[in-house]
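Here's what TrEMBL has on this protein:
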| type | residues | note |
| --- | --- | --- |
| TRANSMEM | 45-63 | transmembrane segment |
| DOMAIN | 53-278 | domain 'Ion transport' |
| TRANSMEM | 92-110 | transmembrane segment |
| TRANSMEM | 122-143 | transmembrane segment |
| TRANSMEM | 180-202 | transmembrane segment |
| TRANSMEM | 253-275 | transmembrane segment |
| TRANSMEM | 395-417 | transmembrane segment |
| DOMAIN | 395-653 | domain 'Ion transport' |
| TRANSMEM | 429-448 | transmembrane segment |
| TRANSMEM | 469-488 | transmembrane segment |
| TRANSMEM | 508-531 | transmembrane segment |
| TRANSMEM | 543-563 | transmembrane segment |
| TRANSMEM | 628-650 | transmembrane segment |
Amino acid sequence: GSGADNDLYINQAIVFIEDAIQYRSINHRVDSQSLWLYRWYYSKTCQWILSLTITVILALAFIEEPSSLTVTSDVRYRLPAWNPPCGLTESIELLCFLVFVVDVAVKSYLIGWKEFWKNKWLMAYILTLIVSLTDWIVSLSFFCKESVRIRRILRPFFLLQNSSMMKKTLKSINSTLPEMASVLLLLAVHLCLFTMFAMLLFARTKDNQQDKEWVVYFRNLPDSLTSLLVLLTTANNPDVMIPAYSKNRAYSIFFILFTVLGNLFLMNLLTAIIYNQFRGYLLKSVQSSLFRRRLGIRAAFEVLSSLKETPASAQQSCVSVGALLQVLQRVEMDSRCKQAIMRSLKMCSCDQLSAAQFQKLFEELDKDAIKQHPPSPEYQSHFMQKMQFTFGHPYFGYLGNVVALANIISICVVLVIDADKQPSERDDFFLGAINCFFILYYLLEMLLKILAMGLKRYLSYPSNRFDGLLTVILLILEIATFAVYGFPHPGWRPELMGLLSLWDMVRLVNMFIVFRFLRIIPNMKFMALVVTTLLDLVKNLRAFAGILVVVFYAFAITGIMLFKGAVVPLGNTSFNFLIQTFSIKKVVVLYFKEKKVISWCSAHFQAEVIYCLLYILSVHLICRWAKIYFVAWWLISSVIWVNLFVALLLENFIHKWDRRCHRESLSDIEYQRTVELMFRDVLEEPTEEELMEKLHQHPHLQLCR
C-alpha cells in the first residue's frame, strides 16, 4: 500500500543521507530488509566489533613464536619467551576469520552480485581469506611447528580494506608511482656512475697499507654499490671516507659531490615531485568524495519526492518540509549539523523544497566545525568583578608562563649542582622545597582561573585541561611524597619506603613539571601553528598512519621469517675461535682487527667485544641476501613514505598559514578541519546532469523520472 511505500522511501532517504555524511557509495540494495541490514552493518557497535577483530588479529604477532614481549631485546640476558600452546592463538585466529567471513558476506550481498564482480577489493578480500584459512589448516596439520606462516604477512590487508580513506590514499600513491619512478631512475644512474668512479679512484695498488678504502668499502661492485647507497642515507658518513681522506685530502671532493648531488638535489627533487603529484591525485580523490556526498543528498531528494502526499508537479519535483524533518529525526549525524539544518527549515517560509534548496540545506555538512566557548560567569559584587578581570586577563597567563620558566631554570640549576654527587651525598631538600612552592602556585593559579572563567569555560580550552590535569597529578604526587617521607628539611634523604624512593618521587614530579612547561605553546603564535598542524595530521590523516602501520607490520613479519635466530649469544667464546670456526676471509679479519672497530664495539655495546664482532660478521655473511630486504625497506619507508608525509605536512601547514593570514584570530572560536575541508575551496561542484546520469545508473534504484 501507499503507507508501506512511504515508509520505504523514508528509510531510503535516511540511508542515502547517512551515506552522504560518511562519503559512502549509494550503489547498494535499497529494499526494506537490505536497508535494515545495511544500517546494522554500519552501526557503531558492528564497526567497533570489526575494528576490535582487526586489532586482535594484528596483535597476535606479539605473542606468536618467535616474537616475545620480554623487557630486554638482548639475547644474552632476556628470559625465555612464553610460547603459547598449539591451538590457542589458532583458535583466536579462527574466530577473527569467522568475523571477516561474515563481513565479506554482508558486503557482497548488500552491493549485489553484479557490482561484486566489479569490486576488486572484495575479490581480494575473499582471496586473502581463502589463503589464510588454507594456511591455518596447514599449520594445525603440522601441530604449529611449521617455519613459514603466509597468513601472518596477509593480516595487514584486513586493516587496509576496512578504511575507504586508506584505499583512496593507496590509489593516489599508486598513481604517483610513474612520476616517482623517473626520479628514482635518475637516482639509480647517479648511484651507478659514482660507483664506477669510486672503483676507479680506489682501485687496488701494490701497497697494502694504502688500500684500506678498497679493502673495506670498494673491493667489488656489490660492496661499492652498497657503500654509496648507505652513504646516500648518511648512515656511514663520515666513516666511508676516512681511509681515503687519511691518504689524500683531495679524495673528499668525490664524497662531497656525491652527497650534494644525491642528498641535496635529487632527494629534494623527489620530495617536490611527490608533493606536486600526490596533492593532485589526493585532490581528485577528495573531489570524488564530494561527488558521493552530493549524489547521496540528491538520491534522498529523489526518493522523498516520490512520497504519495507530495503534490504532483509537472514543472519540477519537490519535497515537503515535514517529510524532511521526519527523516532528520532518525538520521545519525552530528548534532551541530542537525540543529543547524532544522533551524534553517523552521526559518523557511515555504512548505515545499526544490532540489537546489534541498541541496543547499545540507551544505552545512561542508562547513567548518566551529566550537564556541561558554560565557564567563557574571558576578554582582564589585570586588568579584575586579578579581575576574585581573585573573581572567591574558597577562595573568603570561605570569604563569614566567613562573613555569623559573621552575624549569631552578630544576636545571639543582640538577647541574648535583650531577657529580653520589646518591648518598645528595640533599633533596632544595629540590623538594622548590617543587612544593611551585606546585602550590600552580594550584592557586588553576583555582583563580576557574573563579574568573567559570568551570565550563575553563575546561573548554584544551590548554587549560592540559594544565589542570598536570597540576592535579603534581599535587597528588606531592601529597603522596609528604605522606610517605615527611616534609622537606635539610639532610632530607630517608630510606626507601614503598614502591619508589624519595629520589624517584622527586624525579617523577620534575618530569611532570618539565612536561607542563608545554603550556607556553598556545601563547606563541608560530609555535602554536606548527603544533596545531601536527595535531590535525594526527586527527584527520589517520589513513596515512594506517598505511604506515601496514608497511611496518608486513616488513616486521617478513624480517622475523628471514632473520629468525641470526644473532645468538656466544658467552666467553674467544675471537680466535670465531676466526677459526667461520674461516673468515682476510679482508674481514683486517676489518675486525682495526682498533676503531674494537673501540666502537666496546663503547656502544658496553659488553664483550666478541658479541659486537659477531654482529658485524653476521651482517657481512648474510648481506648478499639481506640487501634486497633492507633496500626495499629504505625505498618504501624512507624515500617514498617519508616524502609523502612531508608533502601532506606542507599542504596542511600552507593551508593553515593561508587561513591565518586571511582570517582574524578569534579567541572564543576554534575551527576544526578535516581532509575534505582542506581542499574545499578548490573543489568543483557536480552539475545537475552528472548527478542525474549517475542516479539513473544505480543498479537497485528505479527513479520515477
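Cβ from N, Cα, C; glycine included.
As a quick check, the transmembrane segment (628-650) and the transmembrane segment (395-417) miss the bar of 3 or more Cβ pairs under 8 A, pairs 6 or more apart, so the two do not touch. Within the chain, the transmembrane segment (45-63) has long-range Cβ neighbours (under 8 A, six or more residues past its boundaries) at 69, 82, 84, 89, 92-93, 95-96, 99-100, 103, 152, 155-156, 158-159, 162, 553, 556-557.
Same-chain residues lying 6+ beyond the ends of the transmembrane segment (122-143) with a Cβ under 8 Å from its Cβ atoms: 86-87, 90, 93-94, 97, 100-101, 104, 107-108, 111, 116, 149-151, 154-155, 157-158, 161.
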